[in-house]
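Asker: Below you will find the structure I want to go over with you.
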Amino acid sequence: MEEESKNGGTTIPTEELAVVAVPPVVEEEEPMVGPGPAPRGKRKRPLQFEQAYLDSLPSANMYEKSYMHRDVVTHVAVSAAEFFISGSMDGHLKFWKKKGVGIEFAKHFRSHLGPIEGLAVSIDGLLCCTISNDHAVKIYDVVNYDMMAMIRLPYIPGAVEWVYKQGDVKAKLAVSDRDSLFVHIYDPRSGSNEPIASKEIHMNPIKVMKYNPVSDTMISGDTKGIIEYWSATTLQFPEDEVNFKLKSDTNLFEIIKCKTTISAIEVSPDGKQFSITAPDRRIRVFWFRTGKLRRVYDESLVVAQDLQRSDAPLYRLEAIDFGRRMAVEKELEKTESAPQPNAVFDESSNFLIYATFLGIKVINLHTNTVARILGKVESNERYLRVALYQGDQGGKKVRKIPAAAANVNESKEPLTDPTILCCAFKKHRIYMFSRREPEEPEDASQGRDVFNEKPAADELMSVSDIGNSATTSLPENVIMHTTLGDIHMKLYPEECPKTVENFTTHCRNGYYDNHLFHRVIRGFMIQTGDPLGDGTGGQSIWGREFEDEFHKSLRHDRPFTLSMANAGPNTNGSQFFITTVATPWLDNKHTVFGRVVKGMDVVQGIEKVKTDKNDRPYQDVKILNVTVPKS
């Protein structure tokens with residue numbers, strides 16, 4: 001049972017990832033709902049060629065690139081024809097061509113007037129379709145990025161999925177009726193709006209469908225959480241493809257027993273497993289032929305809170321970061337229009353990849369361990385839906401290596417460019433994780449966040465406001481009056497104008513009055529600036545987080561350095577800290593915007609107060625007020 005976690009402190013040091021080990025699965029017919037206690041006397045069997053599999057998966061801690069839509073992105077998909085596809089709330093669909101490294105924009109469609117509510121890509125990667133509440137299905141030729149057909153429906157579609165294998169004569173498409181029990185099969189190339197077959201499969205409307213091409217079987221889930229198998233050819237139960245006759249012999253009632261529903265279904269490339277994500281934040285992995293549970297991963301907030309209190313560094317976060325992410329999770333639970341999370345398999349079917357509160361987890365299903373977590377440091381994005389690219393997904397192409405290049409001393413970089421494509425909560429962007437960390441260009445406009453769409457008018461206005469305010473003259477020193485004495489600080493408005501403006505405006509407005517020094521670590525630093533007094537609160541004068549302002553001349557190279565606390569890159573608010581020793585490991589992570597020039601003894605006095613296990617002083621030490629000279 002894996003989960004996310006939270007940390008207490010607010011933003012200074014970062015921790016390295018560790019792996020939590022759990023027991024292996026023996027074989028398909030013997031289900032294990034894991035992880036459970038390790039069996040005595042048995043050693044965990046490693047996954048053969050594990051490192052080779054991991055080398056074919058993204059590994060960067062931060063997303064390499066992001067590209068814009070005009071509205072919140074809700075769907076992402078990867079085509080075997082080397083295309084990425086994304087859809088958004090405003091009904092727009094974008095095609096992106098995969099290059100040797102990265103992607104390039106190919107085509108933009110206004111697919112529907114309303115939000116895209118379903119996106120499906122065929123197994124061969126040649127066809128794509130979308131549905132919305134406008135009674136229409138749009139079908140696209142992926143390779144030529146052209147809309148080839150439109151099916152007008154007499155009902156509102158609920159789910160859509162392609163149901164044909166490579167080589168089939170007809171490219172069949174299954175569409176469910178959102179308000180009835182029927183599922184309809186269409187031939188988009190026929191030019192007809194009439195289905196070639198229709199059948200009532202469930203006792204309730206179908207909500208989710210996923211095709212297993214290996215067994216030519218559809219797996220579907222209805223609005224009550226009931227799971228059904230049915231043949232894509234006969235629309236009957238596929239007796240020859242499974243090892244059970246009654247669902248009571250399986251775990252397929254697990255979803256309804258847990259009183260939840262189905263968010264998404266994904267099938268492994270070998271057709272032997274499928275995953276189900278649900279609103280209860282549990283990811284369930286089933287064996288296809290037996291319908292038995294293989295794994296259950298609990299990603300609930302209760303487990304996250306328990307792990308935050310544990311000693312597992314892989315799952316712990318700084319307190320302010322943890323609090324912010326918890327607030328986002330609670331907002332996410334109330335947002336019905338948010339993208340439905342899913343859990344995808346890698347090409348070997350040995351690893352499961354899904355987004356969590358903590359980041360994107362890569363789980364080794366064989367050893368039941370966390371292989372890696374991507375994006376843990378990206379505290380501004382809550383990733384939801386993911387799609388995986390690992391090169392030629394059809395497996396038909398063979399990449400030939402020239403003899404001269406087949407040298408063991410040559411580069412070990414993979415021939416493909418494995419990429420995770422994902423969308424995030426309330427974000428207008430698609431994000432890509434690869435095996436490369438983002439570059440740091442000298443020109444900030446050439447950064448990893450590509451502005452391929454014109455920003456909204458309100459965004460342009462807010463940027464203009466910030467820019468104009470930064471041009472005004474700013475104070476170069478302040479005096480902080482505390483319960484233990486006065487601290488005189490020199491500021492650097494030319495090097496970091498936004499940070500100094502934020503700090504001095506808060507000082508003038510009395511924002512910091514009576515704030516506690518809530519975190520004190522002897523031999524490190526003293527921290528304050530949180531109105532809540534626990535490291536989870538505070539905001540900037542603009543009501544949102546603002547970017548870091550690193551300058552090569554301002555480093556954490558001496559004690560009594562004034563620096564901004566944060567929860568990751570570009571997450572500055574109101575909290576700040578004063579170091580009591582040189583802390584060079586914080587360079588380029590926290591914005592240095594001042595130095596203490598008088599009152600060092602006061603800083604040392606605060607540093608020496610007794611604290612509890614959470615570094616909170618037993619005796620309250622407060623900022624009384626801050627004097628800012630008139631500029």
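Backbone N, Cα and C atoms are what each Cβ position is placed from, and that goes for glycine too.
Summarising the annotation, Swiss-Prot assigns domain 'PPIase cyclophilin-type' to 474-628 and lists sequence analysis as the type of evidence. The region 'Disordered' annotation in Swiss-Prot covers 26-45. Positions annotated as repeat 'WD 1' by Swiss-Prot, on the basis of sequence analysis: 68-106. What Swiss-Prot lists as repeat 'WD 2' is 111-150. What Swiss-Prot records for 201-240 is repeat 'WD 3', and it gives sequence analysis as the kind of evidence. The repeat 'WD 4' annotation in Swiss-Prot covers 257-297, and the record cites sequence analysis as its basis.
Help me picture where these features are in the structure shown.
Answerer: Cβ atoms under 8 Å from those of the repeat 'WD 1' (68-106) belong to residues 112-116, 118-121, 123-126, 128, 130, 132, 138, 140, 142-143, 145, 337-339, 385-389, 392-394, 417, 419, 421-424, 426-430, 432, 434, 450-453 of the same chain, restricted to positions at least 6 beyond its ends.
Beyond the ends of the repeat 'WD 2' (111-150), by six or more residues, the same chain brings 74-75, 77-83, 85, 87-93, 95, 156-157, 159-162, 164-166, 171, 173, 175, 186, 188-189, 191, 211, 213, 337, 393-394 to within a C-beta distance below 8 angstroms of the stretch.
Panel annotation: around the repeat 'WD 3' (201-240), residues 123, 158-166, 172, 174, 176-181, 183, 185, 252-253, 255-256, 258, 260-267, 270-272, 274, 276, 278, 288 of the same chain, lying at least six beyond its termini, place a Cβ under 8 Å from a Cβ of the stretch.
Averaged over the repeat 'WD 4' (257-297), the predicted model reaches a pLDDT of 97.
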Asker: Count up the helix, strand and coil residues in the repeat 'WD 2' (111-150) according to DSSP, in that order.
Answerer: 0 helix, 20 strand, 20 coil
